[in-house]
Amino acid sequence: MIDLLWISSDGHPQLFYQFINIPFAFLFHCLSSQGHLSIINRYVYLAMGGFMLAIATMGPYSSLLFLSAIKLLLLIHYIHPMHLHRWILGLQMCWQTCWHLYVQYQIYWLQEAPDSRLLLAISALMLMTQRISSLSLDFQEGTISNQSILIPFLTYSLYFPALLGGPLCSFNAFVQSVERQHTSMTSYLGNLTSKISQVIVLVWIKQLFSELLKSATFNIDSVCLDVLWIWIFSLTLRLNYYAHWKMSECVNNAAGLGVYFHKHSGQTSWDELSDGSVLVTEASSRPSVFARKWNQTTVDWLRKIVFNRTSRSPLFMTFGFSALWHGLHPGQILGFLIWAVTVQADYKLHRFSHPKLNSLWRKRLYVCVNWAFTQLTVACVVVCVELQSLASVKLLWSSCIAVFPLLSALILIIL
């Protein structure tokens with residue numbers, strides 16, 4: 001299993017590192033639930049775990065995270081809560097963008113491959129930006145009252161289960177999970193087994209698709225096969241994300257995070273920290289629905305940070321900020337522009353066509369056609385965003401699949 005996870009990482013070792021984190025998260029939960037760790041020691045355990053994980057996986061580049069954590073504590077101590085969010089988000093995005101631009105300088109100007117440890121550190125820095133900007137907004141909204149003890153804030157910025165993979169957890173939910181730590185061991189172990197099994201299945205399916213892409217099936221020059229190849233390639237990239245998100249969810253659950261107790265039914269839910277279901281997301285029959293389901297905690301963060309706080313063109317401002325957060329590579333800029341246009345066109349098309357769907361067969365036909373359109377458009381977005389460089393743009397526009405983003409733009413203009 002470990003070999004399978006390592007092979008499937010394909011230069012993105014977060015999946016493997018997150019798997020290695022599970023025993024340490026399990027130990028934390030066992031010690032906490034049995035009363036061997038005080039609340040302060042729980043925070044220390046999680047923070048020290050993040051500190052050591054960063055050094056072990058990122059080497060000297062772990063300082064990117066440590067400097068951000070120190071800056072967070074200084075700002076919390078010296079800045080009034082009402083002004084904290086503006087300072088934290090502004091400084092953190094400047095710090096993160098500088099490193100993104102440095103990577104682009106290495107790739108496009110020096111023609112050098114960046115250090116993999118630097119790329120991992122920047123990825124972790126992006127996740128830290130989510131956490132500390134969410135924290136600062138909570139301060140501004142008055143949902144956090146006690147800021148005299150700084151250890152919970154330091155731990156929240158660096159705790160090891162979410163350091164390399166999320167999902168985003170609000171500060172108040174994080175504190176409640178750390179301080180509670182009482183769950184049924186049967187439910188706990190059953191949940192971990194189930195989610196690890198899901199990761200294995202996702203990795204296995206991804207490997208099958210990877211082998212299919214290398215097969216002789218696609219050596220024939222055909223428009224349909226060309227479009228099919230790009231769609232399968234995009235699906236393979238998405239499966240990598242789904243496996244990584246599920247593994248990160250599993251690590252958080254192993255540490256006792258993301259659990260919710262239903263008082264009325266007496267049952268325990270382990271899905272409070274989740275970036276969504278692969279089946280629900282891939283079954284989305286509208287681009288706008290897919291956009292809301294994809295990487296759900298990040299979508300909620302973008303809605304909270306940008307969409308709900310912007311009066312002019314909130315949709316395009318949100319996708320623009322997402323491109324900035326991801327690194328502003330040429331492919332990413334094009335990919336998020338395509339996605340924004342497609343989602344806006346979907347809203348217009350739905351308002352136009354919905355009154356005309358007055359029979360069952362029309363509704364089913366509309367759903368089927370729109371699902372295929374969603375899949376092919378998302379394929380264009382994912383290829384651009386993931387390949388990042390101008391090569392992704394060339395790959396996209398040399399294929400007939402480029403018709404679908406253009407069709408979205410046409411719908412947006414006409415309707």
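Just so you know, the numbers here start at 1 and follow the chain as drawn.
Cβ from N, Cα, C; glycine included.
The topological domain 'Lumenal' feature in Swiss-Prot is assigned to 1-6, 104-122, 215-227, 386-394; the stated evidence is a curator's inference. Sequence annotations record features per position, and here Swiss-Prot assigns transmembrane segment to 7-28, 43-58, 62-78, 85-103, 123-138, 194-214, 228-247, 313-326, 329-345, 365-385, 395-415. Swiss-Prot lists 29-42, 79-84, 139-193, 248-312, 346-364 with the feature topological domain 'Cytoplasmic', giving a curator's inference as the kind of evidence. Annotation source Swiss-Prot lists active site at ASN295, HIS326, citing similarity to another entry.
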Inquiry  = When you look at the transmembrane segment (194-214) alongside the transmembrane segment (228-247), do they share 3+ Cβ pairs under 8 Å, ignoring any pair fewer than 6 residues apart in sequence?
reply    = yes
Request  = Run through the topological domain 'Cytoplasmic' (79-84) and tell me, per DSSP, how many residues are helix, strand and coil.
outcome  = 4 helix, 0 strand, 2 coil
Long-range neighbours of the topological domain 'Lumenal' (104-122), counting only residues six or more past its ends (CB under 8 A) = 11, 13-14, 54, 57-62, 64-65, 96, 164, 327-329, 389
